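Heads up: the structure comes next, in structure tokens.
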Amino acid sequence: MFKLTSRLVTSRFAASSRLATARTIVLPRPHPSWISFQAKRFNSTGPNANDVSEIQTQLPSIDELTSSAPSLSASTSDLIANTTQTVGELSSHIGYLNSIGLAQTWYWPSDIIQHVLEAVHVYSGLPWWGTIAATTILIRCLMFPLYVKSSDTVARNSHIKPELDALNNKLMSTTDLQQGQLVAMQRKKLLSSHGIKNRWLAAPMLQIPIALGFFNALRHMANYPVDGFANQGVAWFTDLTQADPYLGLQVITAAVFISFTRLGGETGAQQFSSPMKRLFTILPIISIPATMNLSSAVVLYFAFNGAFSVLQTMILRNKWVRSKLKITEVAKPRTPIAGASPTENMGIFQSLKHNIQKARDQAERRQLMQDNEKKLQESFKEKRQNSKIKIVHKSNFINNKK
């Protein structure tokens, strides 16, 4: 019995030992990555002395960082400066305005002005405020000979002003066609005898399309805005796309326009009446609030154009310049001849009312002259019809006799 029990225990122990051996064999071996991971984990708690010394030598100290701070700020400022310099580089090439939809033609005034502005800006290297000023002065210099001829014509007219006013009043007051033609011939003879060609009086009118071209060109360029317009101003108006916050340009423009009007206009020879002088004093003052919302680029053109007008007026009023350019001296005002209607002592509104009534009377007289001309033509046709010779055939004469 005991032997049987011992055999059973021995057999069970042997079986369990074999099972344990089998389990030991079946268990998988750990992966090398796990071992390396565990090794790295345990190694992190105890760093190598060589690694620590290498890190310490590579990292800069606090003193080194503090000493390098000025150089870092200097490099940052240089980067900002270089970035600022790149602004405006796009507009320094011919064709830039055309690429953004501006300066499309060569016949429209604003497009022509934009082409000229771009050429001056690219080839001169001036900032945009200098480009506007230089272009304005360049165009006014090209127009100076026309103003010289206009000034000479105005001065020649001043010598015959009383006689010319009398003939003009006769021409406007007559209702007889033949009498009007006779007065017109007398007026033409008077002008030709003094070498006067009134077509030169229209020379300053060329400034109107040029001024409108500048206005539209600069307004579109500021609204886009053109590259460089936002930072290539000067003084207190560095941004040409915005309105002048202090209205300084508007005040300067009004002052220069009043000045050259007082000096005798752009030809330096015009003699404005008192009502016209008062009118040309009030209008520039009214223009200050009217132009307060315009961009600085537009008002800058007005300011430089007005300043050049003052300079031109002072030059054309100089006696030495007039003698060198062979410009006739302006005659002093004389007493009007009978038949002239001076309006020197009238106020602004009285003068305006007088001119309106004068234009109305002139229109009525013109209509009356046209009616008289039609009546003369009809009477002439009737007389011509009655004066025709009637041809009578012999057969008709015999028949009538029978």
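Each residue, glycine too, has its Cβ placed from N, Cα and C.
Here Swiss-Prot flags 366-385 as compositional bias 'Basic and acidic residues'.
Long-range contacts of the region 'Disordered' (366-386) within the same chain: residues 174-177, 180, each at least 6 residues beyond the stretch ends and with a Cβ under 8 Å from a Cβ of the stretch. Look at Swiss-Prot and you will find 366-386 tagged as region 'Disordered'.
Positions annotated as topological domain 'Mitochondrial intermembrane' by Swiss-Prot, on the basis of experimental evidence: 43-118 (among others).
Beyond its flanks by at least six residues, the topological domain 'Mitochondrial intermembrane' (221-239) meets 84, 87-91, 96-97, 100-102, 114, 117, 127-130, 245-246, 248-249, 295-298, 300 of its own chain at Cβ-Cβ distances under 8 Å. Under the heading topological domain 'Mitochondrial intermembrane', Swiss-Prot lists 221-239 (among others), citing a curator's inference as support.
Sequence-distant contacts of the topological domain 'Mitochondrial intermembrane' (293-297) (same chain, at least 6 residues past either end, Cβ-Cβ under 8 Å): 128-129, 132, 218-219, 221-223, 229, 233, 237, 239-244, 249. Look at Swiss-Prot and you will find 293-297 (among others) tagged as topological domain 'Mitochondrial intermembrane', backed by a curator's inference.
The transmembrane segment annotation in Swiss-Prot covers 119-139 (among others).
Long-range contacts of the transmembrane segment (200-220) within the same chain: residues 102, 108-114, 117, 132, 136, 139, 143, 146-147, 149-150, 152-154, 265-267, 294-295, 297-298, 301, 305, each at least 6 residues beyond the stretch ends and with a Cβ under 8 Å from a Cβ of the stretch. Taken from Swiss-Prot, the feature transmembrane segment applies to 200-220 (among others), supported by sequence analysis.
Look at Swiss-Prot and you will find 240-260 (among others) tagged as transmembrane segment.
The feature transmembrane segment is assigned by Swiss-Prot to 276-292 (among others), with sequence analysis given as support.
The transmembrane segment feature in Swiss-Prot is assigned to 298-316 (among others). Same-chain residues lying 6 or more positions outside the transmembrane segment (298-316) and placing a CB less than 8 Å from one of its CB atoms are 129, 132-133, 136-137, 140, 144, 147-148, 151, 211, 214-215, 218-219, 222, 237, 240, 243-244, 249-250, 252-253, 256-257, 259-260, 263-269, 291, 322, 327.
If you look at the transmembrane segment (119-139), the same-chain residues 6 or more away from its ends with a CB under 8 A from one of its CBs are 88, 91-94, 113, 210, 214, 218, 226, 228-229, 232-234, 240, 297, 300-301, 304-305, 308.
DSSP assignment over the topological domain 'Mitochondrial intermembrane' (293-297) gives 2 helix, 1 strand, 2 coil.
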